[in-house]
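Asks: I am attaching a structure below and will ask some questions about it afterwards.
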């Protein structure tokens, strides 16, 4: 049973005490304490011996990310929580191992960088960039099996577990190790690309807007591009671009922490960087803390955030910044309980609340969630992030899963307005997107209709914004913030 094995290398580590909310008794935590809790979305293998072999190998492999990088991201997310920066998080619904190649990686990097540039212009704040890359290989499914051509088969659960072709649907333990190496290779290329100047703003950017058919929008977006271009030209003219900041940026990685045995195998007790909160007053005697070294940022999905569940138990013990998906089924009491378990010391920026209600429900549900958090000890401590994708998924009459651009932007627009009304700060957006010209979401200036979906629908899971739709979303968000500043204090 995947989810119940205990890695020998982990059991030799000391237990550490997790400081709890004052009204609760401190509980002992270790990387294997989650195995005592009920687990959801469990993967059940036929060959446990092969599973143990793969997990044993993972425990010996070096970290994919470092604790210094993790702490640096936490510091940036603190600024987001305090309203001093904006968070852009995006990437594939489910990465495939086949995406670990130059063009696929580079197209997503360039898209995220271009979107962040638009957002910096619009919000007039630094943008923290987190990619759903280098590890987003697992996907929760509503059912473990599905019917294909009249036969029941295992659902595709992401390349870390099984393949999409029907003859690869059996869960394969060797894919756990493959996921590690594909993650490491992807991040290695990201780092090499950034250090080689892919983010250098001296390079010309492709701002092609030929897909925008609406003349009014064409003028609006062209004006934004002109303003950004003029700003960059001015900086070059006065020599303000010589300090190196325009040559490279930080781009962090993230994935849903779904397969806990895999996550446990990459959880290491490491020396805290001197700048980290964990290295200060409440630091352990040995100066070390537990870090998940498989990604900089991990999130807990809507299907695995049970208060008494294994995922919450695992996540409460790691130093990484954590996201939690919040949706229509989240009660206010559960929301506070989650925060008190995952962040008992009220560390600012530690938790990102990723809201995903759907355009038709956000106005009813979000205000009460904001009030319960901002009216508690966690006021101004969390990052509020909008995921306008997952609550707006629907199927066409022919059974094709899609999302309407208008619904996605509507939820985002309503979320922005609600946070303003409640006096809170929407700190970021979480999008499923790709740098490729896919046809999976309808609408937007590109004018995709339902009959266009079959032209280039390549996702095996959820529909993604293509590069033109994603950039347009950035234009719309930037336009909102630009308009807010033009109006001034209300």
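Glycine residues also receive a Cβ, built from the backbone N, Cα and C atoms like all the rest.
What TrEMBL says about a protein is an automatic prediction, not a curated fact.
According to TrEMBL:
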REGION    1-24  region 'Disordered'
COMPBIAS  1-20  compositional bias 'Polar residues'
BINDING   93, 390, 432, 462  Mn(2+) binding site
BINDING   132, 325, 356  phosphoenolpyruvate binding site
Asks: Taking the recorded Mn(2+) site as 93, 390, 432, 462, identify the other residues of that chain whose CB atom sits within 8 Å of the mean position of the site's CB atoms, giving them in sequence order.
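Replies: Here the nearby residues are 389, 393, 461, 463, 464.
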Asks: Would you mind reading off the Cα separation of residue 325 (phosphoenolpyruvate binding site) from residue 93 (Mn(2+) binding site), to the nearest angstrom?
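Replies: Per the Cα atoms, residue 325 (phosphoenolpyruvate binding site) and residue 93 (Mn(2+) binding site) stand 14 Å apart.
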Asks: Could you tell me the C-alpha distance between residue 390 (Mn(2+) binding site) and residue 356 (phosphoenolpyruvate binding site) in angstrom, no decimals?
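Replies: Pair distance, Cα basis, whole Å: 6 Å.
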Asks: Measuring C-alpha to C-alpha, could you say which of the binding-site residues 93, 432, 462 are within 10 Å of residue 132 (phosphoenolpyruvate binding site)?
Replies: 93, 432
Asks: Which ones in the same chain are close to residue 356 (phosphoenolpyruvate binding site), with CB under 8 Å and 6+ residues apart in sequence?
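Replies: In sequence order, the residues whose Cβ lies under 8 Å from that of residue 356 (phosphoenolpyruvate binding site) (at least 6 apart) are 302, 325, 326, 327, 386, 387, 388, 389, 390, 391.
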Asks: With a radius of 8 angstroms around the mean position of the C-beta atoms of 132, 325, 356, what other residues of the same chain does the phosphoenolpyruvate site pick up?
Replies: 256, 299, 301, 302, 323, 354, 387, 389, 390, 430
